[in-house]
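*Asks:* Mind having a look at this structure? Questions to follow.
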Amino acid sequence: MEEAELVKERLQAITDKRKIQEEISQKRLKIEEEKLRHQHLKKKALREKWLLDGIGSRKEQEEMKKQNQQDQHQIQVLEQSILRLEKEIQDLEKAELQISTNEEAILKKLKSVERTTEDIIRSVKVEKEETSGASIEDIYANIPDLPKSYVPSRLRKERNEGIEDDEQNRKALYAMEIKVEKDLKTGESTVLSSIPLPSDDFKGTGIKVYDDGQKSVYAVSSNHSAAYNGTDGLAPVEVEDLLRQASERNSKSPTEYHDPVYANPFCRPTTPQREKATPGPNFQERIKMKARGLGKDMNGSIHTMNNGLSEERGSSVNHISPIRPIPHPRSMTQQAEERPHSPQKRQMTPWEESDVTQDKCAPSAKSQLSPGEAPVGKSERQGSSPTCQEDEEDVRYNIVHSLPSDVEDTEPVTMIFMGYQRADDSEEEKKLLTGYDGIIRAELVVIDDEEEEGEGEAEKPSYHPIAPHSQVFQPAKPTPLPRKRAEVNPHENTNHKSPHKNSISLKEQEESLGSPIHQSPLDIQIAGDGTEDPSLTALRMRMAKLGKKVI
């Protein structure tokens with residue numbers, strides 16, 4: 001009762017205080033209005049006094065004096081009202097201060113008498129314990145057809161309150177250990193691993209950072225000991241995020257699957273594959289005829305000139321690119337496969353072979369290959385007469401590697417490019433050179449050992465005896481094809497070489513070249529001049545500087 005009275009007194013004091021504050025605010029507004037009127041009347045009185053000095057009539061002066069007296073009276077009344085209002089405001093402020101002091105005293109008494117929330121909760125619990133549950137049971141007893149074993153939920157809750165409050169008796173249904181790494185800069189938490197634990201082995205060690213009645217989260221350090229006491233609690237959003245990351249990590253499959261791979265050869269993709277160097281049906285026969293006369297050495301370099309066109313091998317397609325015939329350096333050592341050659345054709349000289357091929361099938365101008373055509377695979381398209389097809393394709397020549405039989409085939413052969421030699425632009429030569437892609441001719445230079453150098457100086461001169469008239473150094477007549485030479489083919493570049501043993505000797509070559517049948521107009525012209533070839537002169541000078549002799 002005392003507490004209620006104190007509360008009423010406090011509320012009354014607050015109400016009175018509020019009324020006084022409103023009165024004070026109204027009186028202050030009224031004072032402001034009175035002050036404005038007082039100022040206005042003062043200005044009016046001064047103006048009338050100034051006008052009174054300029055009036056000459058007596059009647060008007062009397063009227064002005066009466067008006068001035070009235071204004072002065074109003075000014076005095078306003079001044080008195082202003083003073084009175086100010087005094088009232090002071091009294092109200094004193095009353096407000098008195099009410100405030102009384103309110104503070106009532107509040108102190110109320111705090112001493114008023115119970116705290118804990119006291120109220122405690123008293124409620126005591127009242128519940130004192131009151132018996134007979135009243136609730138009486139209420140449910142009046143309900144018909146109610147089983148005797150039925151216990152109201154309120155009673156069950158009250159009976160189980162003590163057990164629920166005891167956290168040690170609460171058993172965990174599921175436990176999981178989650179290793180979390182927290183970035184101190186961004187504050188983001190990343191789940192490193194999650195390991196489920198049996199609920200029986202779980203021990204609530206650590207500091208509890210979250211508990212909503214269904215889930216409990218404990219902070220444990222890396223060494224499975226309790227974390228430091230300064231661990232902050234987790235918000236429900238953070239707990240849900242960690243559980244989501246852990247569930248996503250567990251749901252990920254450890255194996256990564258890819259598209260099915262089929263080994264069926266019919267399901268092979270249509271992308272271009274790298275072709276293997278396997279000859280076709282007529283490919284090996286063509287190699288037998290064209291590869292004769294080439295060096296067997298593994299380091300020999302081959303360069304084909306076809307009217308300034310050279311075939312180079314790409315990834316899987318043959319590319320034809322126009323380039324100038326320039327000397328290539330010695331190629332890298334590669335493993336080469338020896339191709340079997342027919343012994344009957346090996347015994348034939350290149351001139352006999354060319355005569356035989358011309359008699360069988362004379363190539364026409366239309367059948368010859370143009371510079372832009374590729375010779376690969378033409379024998380497969382025309383398989384009826386392979387000899388004629390090979391003659392048509394054999395317009396392009398390779399380097400002449402005709403070595404004498406006494407030269408060992410194990411030694412490498414090196415060719416030195418000494419320059420070009422131009423032919424006169426005559427009509428007959430243009431006709432003869434139709435389809436002519438260019439043939440490289442080289443001088444055979446044998447460099448002896450130093451021991452044999454002294455013996456050979458007395459017998460052999462230091463220059464070639466028939467250099468101006470030698471057919472080895474002059475361009476041969478292109479009409480009678482001397483012999484089929486191996487092309488630079490993507491499949492023949494490094495793997496097809498013919499032995500030197502099948503090549504004709506130098507003496508036989510000079511005799512065959514010296515015959516009038518194979519002399520070209522260029523040979524006759526140079527022989528008539530009696531001048532030496534500039535390439536031979538340069539070669540002789542170079543050999544003389546090296547101390548070697550030229551055969």
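Our numbering is plain: 1 for the first residue shown, then up by one each step along the chain.
Any Cβ shown, glycine's included, is placed from N, Cα and C.
I grabbed these lines from Swiss-Prot:
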- Met1: N-acetylmethionine (MOD_RES)
- 2-106: coiled coil (COILED)
- Lys125: SUMO2 cross-link (CROSSLNK)
- Ser135: phosphoserine (MOD_RES)
- Lys179: SUMO1 cross-link (CROSSLNK)
- Lys179: SUMO2 cross-link (CROSSLNK)
- 247-259: compositional bias 'Basic and acidic residues' (COMPBIAS)
- 247-393: region 'Disordered' (REGION)
- Thr271: phosphothreonine (MOD_RES)
- Ser321: phosphoserine (MOD_RES)
- Ser370: phosphoserine (MOD_RES)
- Ser384: phosphoserine (MOD_RES)
- Ser385: phosphoserine (MOD_RES)
- 450-529: region 'Disordered' (REGION)
- 484-495: compositional bias 'Basic and acidic residues' (COMPBIAS)
- Ser498: phosphoserine (MOD_RES)
- Ser515: phosphoserine (MOD_RES)
- Ser520: phosphoserine (MOD_RES)
*Asks:* At the Cα level, what's the spacing in Å between Lys125 (SUMO2 cross-link) and Lys179 (SUMO1 cross-link), rounded?
*Replies:* 43
*Asks:* Within 10 Å of the Cβ of the residue listed as 'SUMO1 cross-link', how many other Cβ atoms can you find? Include all protein chains, please.
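*Replies:* Excluding its own Cβ, the number within 10 Å is 13.
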*Asks:* Using a 10 Å cut-off, grab the number of neighbouring Cβ atoms around the Cβ of Lys125 (SUMO2 cross-link), all chains included.
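*Replies:* Around the Cβ of Lys125 (SUMO2 cross-link), 11 other Cβ atoms lie within 10 Å.
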